[in-house]
Amino acid sequence: MASRQTTSLACESETSFLGKETTAALRASFALKAHKGAQVVQTPFQPQASYKVAVLGAAGGIGQPLALLIKMSPLVSDLHLYDIANVKGVAADLSHCNTPSQVLDFTGASELANSLKGVDVVVIPAGVPRKPGMTRDDLFNINAGIVKNLVEAVADNCPEAFIHIISNPVNSTVPIAAEVLKKKGVYNPKKLFGVTTLDVVRANTFVAQKKNLKLIDVDVPVVGGHAGITILPLLSKTKPSVSLTDEEVEKLTVRIQNGGTEVVEAKAGAGSATLSMAYAAARFVESSLRALDGDGDVYECSYVESDLTELPFFASRVKLGRKGVEALIPSDLQGLTEYELKALEALKPELKASIEKGIAFANKQAVTA
Ligand SMILES: NC(=O)c1ccc[n+]([C@@H]2O[C@H](COP(=O)([O-])OP(=O)(O)OC[C@H]3O[C@@H](n4cnc5c(N)ncnc54)[C@H](O)[C@@H]3O)[C@@H](O)[C@H]2O)c1
Ligand SMILES: O=C(O)C[C@H](O)C(=O)O
C-alpha cells in the first residue's frame, strides 16, 4: 500500500497508482501537441528522472500489459523487454506509443546479459502459470530453474538493481533468488522483493465492495506469503477502519486467499491473473522508481528477507527508499485480533517449508559462471 493513494486508476480522481504528479505528467505526455485555434502548441514534457527497467518474460500474459503500463511512466527512460521468444513484435508495437521511454527488445539467452546492463529495476514474470487444479507449488519444478538462471544473469550484469520476483511459487522463488545472489557474492536483501501487491489490490477491492467504500480510500495490509493460507490480509488494520462481523472477516479472508484460484478457474486452462497482476506489478515498479527518485514517503507490502517473525522471509509493509527496503513496518503485526493471530501461526509451517524448499533447490544447483 503506497502511502500515496494507489488503489484506483486515474478515472476516479486526479490520483492514480502512478501518483498525482505522475498522472498529470502522463496526461501531458499523451497530449504533446495541443491545438490552440489554427496554431499547434507544443506542450513540453520533462521526465523527472530517467530510470532503466527490464522485464524478463516480457512477451507473456503479464509481461505485455505490464510493459505497456511501464511505458506510460514518465520516470522511465529505457524499457528493456526480454523473452525467449516473440518479444520483437511486442517491442515494435509498444515503441509507437508517444511516451518518453525508448523500448528495446532482447530475444534468447545470448541477449540476456545486454538486456540487463545498466538497469535499475528488473521485473521477473518469466515462467509457467497455473491451470485449474494446480497449486502454485506445482509450478516449482519448471519455474525454480527459470528464476535461478535469470537471477544469475542479474547478479552478473546489474547486481545493484531492485529485483522484483513475480514468478510462482513466490514463497520459494524469492529464497532461490537470495541463494543465487549469495553464491555470486552480491546479495543485498534490501533490494530483493517478492511481488505480493496483487494480494493488497484484491483486498482493497473486495473490502471496498463489501463496505460500499470509495476504492481510492481503502488500504488493507496483507502479510505472510503468496499462496493459499500464507496470504494473510489484516482486515483489522484496514484504513479507514471498517467494522466487520466475524462471518464477514472469514469470507473476505478466504476470498482474498483464493483470489488467484478464482481467476485460474474462470480462465479455465488459459492461465492465471495477467491484467490485474500487470496493474499490481506496475504499481510496485512505480513505487520503486519514486523511492529511487528520492520520494521519502513510499510504503508497499512485499515478501522480503525479514526479522518480524521467526521466518527468514515474510511479506509485510515496508518503507522503500533509494537503497531499497529502508524499514520493515512492525506495527501492522501488533494488536492483532484472535482470528488473525491464529491465522498467522497457522501459515508459518507452510511458509517455512516453501522457503526451505527454495533454499535446498538453490544449494544443490551449480552456479553458472
Ligand atoms: N506474484 C503474483 O502475484 C503473480 C500473479 C500472477 C501470476 N504470477 C506468476 O507469473 C508467472 C507468469 O505468468 P504469465 O501469465 O505471464 O505466464 P505466460 O506463460 O503467459 O508468460 C510467461 C512468459 O515467460 C516466458 N519465459 C519462459 N521461460 C523464460 C525464460 N527462461 N526466460 C525468459 N522468459 C521466459 C515465456 O516465453 C512467456 O512469454 C507465472 O509463474 C505465474 O504463476 C504471479
Ligand atoms: O494464482 C496464481 O496462480 C497466480 C497468482 O499467484 C495470483 O495470485 O493470481
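Cβ atoms here come from the backbone N, Cα and C positions, even for glycine.
The domain 'Lactate/malate dehydrogenase N-terminal' annotation in TrEMBL covers 52-194. The NAD(+) binding site feature in TrEMBL is assigned to G57, A58, A59, G60, G61, I62, G63, D83, N143, I166, S167, N168, M277. If you look up TrEMBL, you'll see R130, R136, N168, R202 marked as substrate binding site. Here TrEMBL flags 196-361 as domain 'Lactate/malate dehydrogenase C-terminal'. As annotated by TrEMBL, active site, proton acceptor applies to H226.
Mapped onto this structure are the features recorded in TrEMBL.
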residue: G57; record: NAD(+) binding site; Cβ contacts under 8 Å, 6 or more apart: G63, Y82, D83, I124, P125, A126, G127, I166, S167
residue: A59; record: NAD(+) binding site; Cβ contacts under 8 Å, 6 or more apart: L81, D83, A85, N86, V87, V90
residue: G61; record: NAD(+) binding site; Cβ contacts under 8 Å, 6 or more apart: P129, G271, S272, T274
residue: R130; record: substrate binding site; Cβ contacts under 8 Å, 6 or more apart: R136, D138, L139, N168, G260, V264, G271, S272
residue: N143; record: NAD(+) binding site; Cβ contacts under 8 Å, 6 or more apart: G127, V128, S167, N168, P169, T173
residue: H226; record: active site, proton acceptor; Cβ contacts under 8 Å, 6 or more apart: R136, N168, P169, V170, N171, G194, T196, D199, Y303, A315
residue: M277; record: NAD(+) binding site; Cβ contacts under 8 Å, 6 or more apart: I62, L66, P125, I166, L198
Filtered binding-site residues, from S167, N168, R202, whose Cβ is under 6 Å from an atom of ligand 1: S167, N168
Distance-selected binding-site residues near ligand 2 (C-beta under 6 Å), from G57, G63, R130, R136, N168, R202: R130, R136, N168
Remaining residues near the recorded substrate site, that is with C-beta within 8 Å of the centroid of the site residues R130, R136, N168, R202: P129, P169, V170, H226, A227, G260, T261, V264, S272, A273
Extent of the substrate binding site in Å [max Cα distance among R130, R136, N168, R202]: 18
Assigned element (helix, strand, coil) containing M277 (NAD(+) binding site), judged by DSSP: helix
All-chain count of other Cβ atoms within 10 Å of R202 (substrate binding site): 26
Other C-beta atoms that fall within 10 angstroms of the C-beta of S167 (NAD(+) binding site): 29
Cα-Cα distance, maximum over G57, A58, A59, G60, G61, I62, G63, D83, N143, I166, S167, N168, M277, record's NAD(+) binders, Å: 18
